[in-house]
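Here the structure comes first, spelled out in structure tokens, and everything after it is commentary.
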Amino acid sequence: FLEHNEAKYTERRERVYTCMRIPKELEKLMFFGIFLCLDAFLYVFTLLPLRVFLAMFRFITLPCYGLRDRRLLQPAQVCDILKGVILVICYFMMHYVDYSMMYHLIRGQSVIKLYIIYNMLEVADRLISSFGQDILDALYWTATEPKERKRAHIGVIPHFFMAVLYVFLHAILIMVQATTLNVAFNSHNKSLLTIMMSNNFVEIKGSVFKKFEKNNLFQMSNSDIKERFTNYVLLLIVCLRNMEQFSWNPDHLWVLFPDVCMVVASEIAVDIVKHAFITKFNDITADVYSEYRASLAFDLVSSRQKNAYTDYSDSVSRRMGFIPLPLAVLLIRVVTSSIKVQGVLAYVCVVLFYCGLISLKVLNSIVLLGKSCQYVKEAKMEEKLFNPVLTATPGKPAGKQQSTFKSTQGISTDENGSTSVTSQPVHQKENMPSLLVTSNSDQFLTTPDGEEKDISQDSSELKHRSAKKDLLEIDRFTICGNRID
């Protein structure tokens, strides 16, 4: 009887093997993604102050160079200054929020009410994150838009105040999350901490029994990476606040250690169970996580352009929906209130700590770039990095240079048969040289399924037709907003 159903039972056996491979493949993706988030997070503390200082130095010494350029500052320098000013303003605004009063206010609530509040905070964090990246990108583009364009915006100042308000509100939201977690750690019966960890298992019910395609699973994986990194920072904040209350007694750290391990272990277990059953119910192989990792690596390598508006880590952090500014504001606020710097030796230690952070940032970036090149080569995607931008000119056919791209639910298939997730399109300046390396998603998104574009037509007609197509497809493949087809 078993021999007559060989194909059926072989498939069942492969499903078992797939579930056994999921933890290893998923944790490889999570490990790589967490270090990508760490790279974007460390940039705010290390390279951003240096870049702001260099931009301000250029602005002050501008009369020495003369007004040969139409712009006072380069677009990248304008974005750096805006980030730095937003960070400083929100930091001083956070001083008017009393952490101790918020802690005692939350501690006085009942356990069930706190559980409901924590769920509401998680939903609000996802909603405000999706809108916050749009606010920041709108500010950067409004401040660096060419002046000869027709004005179609409300101005830089209103956009700036919207960005400051967003970062401030998001930082307060994360502070309430950290305070609720701190109350759960300090409760005597640990009932609140148990209920909050059980909330992760409720997440399995809401996602496992839904139909998932590869693109949707990629979005969920990115969201899980961002959520896990944020939880690590929240745990760091909780440990800092608790250690301050006990006068930095190292013995108290071992009291917190079992609770921290319990929270981290529950998060890992929930992610493994959730992804294992999603791949089982939707017939997705475990190799898809290596494709996701190769896609993030491709985004990192292809973003290493000479002319970049923001840091290299920004494009990858956008893909995962991770916005480091609010989290950085809260961490700076907690560290400055928990650690008192007094005396010359203390300031020397601060300088040495800052140099150590810069070294960690540089080392992390070097290792990530090397690993990304390795993953791109393993996925046979390196030839896509060096495809120049195709410029259509009348009377010159470009059929030999054009590649054919096919799409299936947001997954691109190369000529070797291996699949890879398409990267998010990047808006580039109109007068940028055509030799810059660009992602293949720009060409992929403007090419219909299974058809080849004839780009030897009139260039103006092609530009008019592809512009509308891009606007439609950008909204479909926006990962930061977690919008699913």
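Just so you know, glycine gets a Cβ as well, placed from its N, Cα and C.
Outside the transmembrane segment (30-57), and at least 6 residues removed from its termini, the chain residues within Cβ reach (under 8 Å) are 73, 76-78, 80-81, 83-84, 87, 221-222, 224-226, 228-229, 232-233, 271, 293, 296-297, 300, 311, 313-314, 316-317, 320, 322, 324-325, 327-328, 332, 354, 357-358, 360-361, 364-365, 367-368, 371, 375. Look at TrEMBL and you will find 30-57 (among others) tagged as transmembrane segment.
Marked as transmembrane segment by TrEMBL: 78-97 (among others).
Positions annotated as transmembrane segment by TrEMBL: 160-185 (among others).
Feature annotation from TrEMBL assigns transmembrane segment to 322-339 (among others). Outside the transmembrane segment (322-339) by six or more residues, the chain places 37, 40-41, 43-45, 83, 86-87, 90-91, 94-95, 99, 129, 132-133, 136, 167-168, 170-171, 173-175, 178, 225-226, 229-230, 233, 236-237, 240-241, 243-244 with a CB less than 8 A from a CB of the stretch.
The transmembrane segment annotation in TrEMBL covers 345-370 (among others).
Residues or ranges marked as region 'Disordered' in TrEMBL: 392-467.
If you look up TrEMBL, you'll see 400-426 (among others) marked as compositional bias 'Polar residues'.
The annotation compositional bias 'Polar residues' is assigned in TrEMBL to 436-446 (among others).
The compositional bias 'Basic and acidic residues' annotation in TrEMBL covers 453-467.
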Long-range environment of the transmembrane segment (78-97) - Cβ separation under 8 angstroms, sequence gap at least 6: 44, 48-49, 51-52, 55-56, 139-140, 143-144, 160, 163-164, 167-168, 171-172, 175, 309-310, 325-326, 328-330, 332-333
